[in-house]
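One structure is given below, encoded as structure tokens.
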Amino acid sequence: MQCALYDAGRCRSCQWITQPIPEQLSAKTADLKNLLADFPVEEWCAPVSGPEQGFRNKAKMVVSGSVEKPLLGMLHRDGTPEDLCDCPLYPASFAPVFAALKPFIARAGLTPYNVARKRGELKYILLTESQSDGGMMLRFVLRSETKLAQLRKALPWLQEQLPQLKVITVNIQPVHMAIMEGETEIYLTEQQALAERFNDVPLWIRPQSFFQTNPAVASQLYATARDWVRQLPVKHMWDLFCGVGGFGLHCATPDMQLTGIEIASEAIACAKQSAAELGLTRLQFQALDSTQFATAQGEVPELVLVNPPRRGIGKPLCDYLSTMAPRFIIYSSCNAQTMAKDVRELPGYRIERVQLFDMFPHTAHYEVLTLLVKQ
């Protein structure tokens, strides 16, 4: 992938950009095999990759510069700003949005937040695109509600320029820290969720719900999990750390009982909406802590699917699963190091199948799907 920002030494986020994709995949596979070297793996499936560029469905832009000439991108460690509107990871559809946002920031008088001076209002612009219909969600992260009335007043101009903006919100993040968003979300549109569709499964994206940033690879990840589950004698499963329900909604059948657990209530609202659309009445989604939910149960289903954050599922949940011994565990991980650590805490299981998904090209990161079977 060619990147003028990298070539000019202005951005180093894609540290592996000079390596061809096959070499990147080989290095990631070697890393994964090294992490799982202590465990016999019955089947290594071929790694899955997607497009080299233009694959991201989300942009997280730090806003800097002046209100007349805002920059959208990032801050270097020394505080100097870098405009990343031309980043080749973004699809071509993002360029006209960035182009319209710069004059809009001036029109609405949204002074960019100055980290050094702790002054200004507009901290971040967060943009998400649906692959299914090209609709977009735009979030303005502000320090306070001071400029909210001005933003509302100027908004019709932006909506006229960009009819693809289906969901527009303001998020209030008052703290002087590098935190992307605060708790308060103010909707400026009637529509509150972005419609997405993977493999004929309707999914919803709300402002404060996590959603995978590489839809081409994520849709293959969900489809693979569905195929693996279909091969197992499973009538009842848990989907822990379920997010918007991507795994559970793909794996569920009309006669299967499924419970999805996720701490973020926004994500659970999305999952419930999808389940209702699919007419799946035996699916239950609840906004709870996954570990607390599981360890309070006196029995387990045949299959437990886990998709934890980078820290992994942790020892308490590993101990519980070891004791309760569901017949199958499917572990989806964005951090193979913590997954390997967790697998070590599940001594009663063998690894039947592993597959790497190159969710984050040009970096050392990857997603991995692992099927564990009780010995």
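Glycine is treated like the rest: Cβ placed from N, Cα and C.
Around the Cβ of CYS87 ([4Fe-4S] cluster binding site), the same chain contributes CYS3, LEU5, CYS11, ALA59, GLY73, each under 8 angstroms and 6 or more positions distant in sequence. CYS87 ([4Fe-4S] cluster binding site) carries neither a helix nor a strand DSSP state and counts as coil. The feature [4Fe-4S] cluster binding site is assigned by Swiss-Prot to CYS3, CYS11, CYS14, CYS87.
Secondary structure at GLU262 (S-adenosyl-L-methionine binding site), taken from DSSP and collapsed to helix, strand or coil, is strand. According to Swiss-Prot, the feature S-adenosyl-L-methionine binding site maps to GLN212, PHE241, GLU262, ASN307.
The feature active site, nucleophile is assigned by Swiss-Prot to CYS334. Its Cβ placed at the centre, CYS334 (active site, nucleophile) has 19 other Cβ atoms within 10 Å.
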### Query
Looking only at Cβ atoms, how many others are within 10 Å of the one on CYS14 ([4Fe-4S] cluster binding site)?
19
### Task
Report, in whole Å, the straight Cα-to-Cα distance of CYS334 (active site, nucleophile) from GLU262 (S-adenosyl-L-methionine binding site).
17
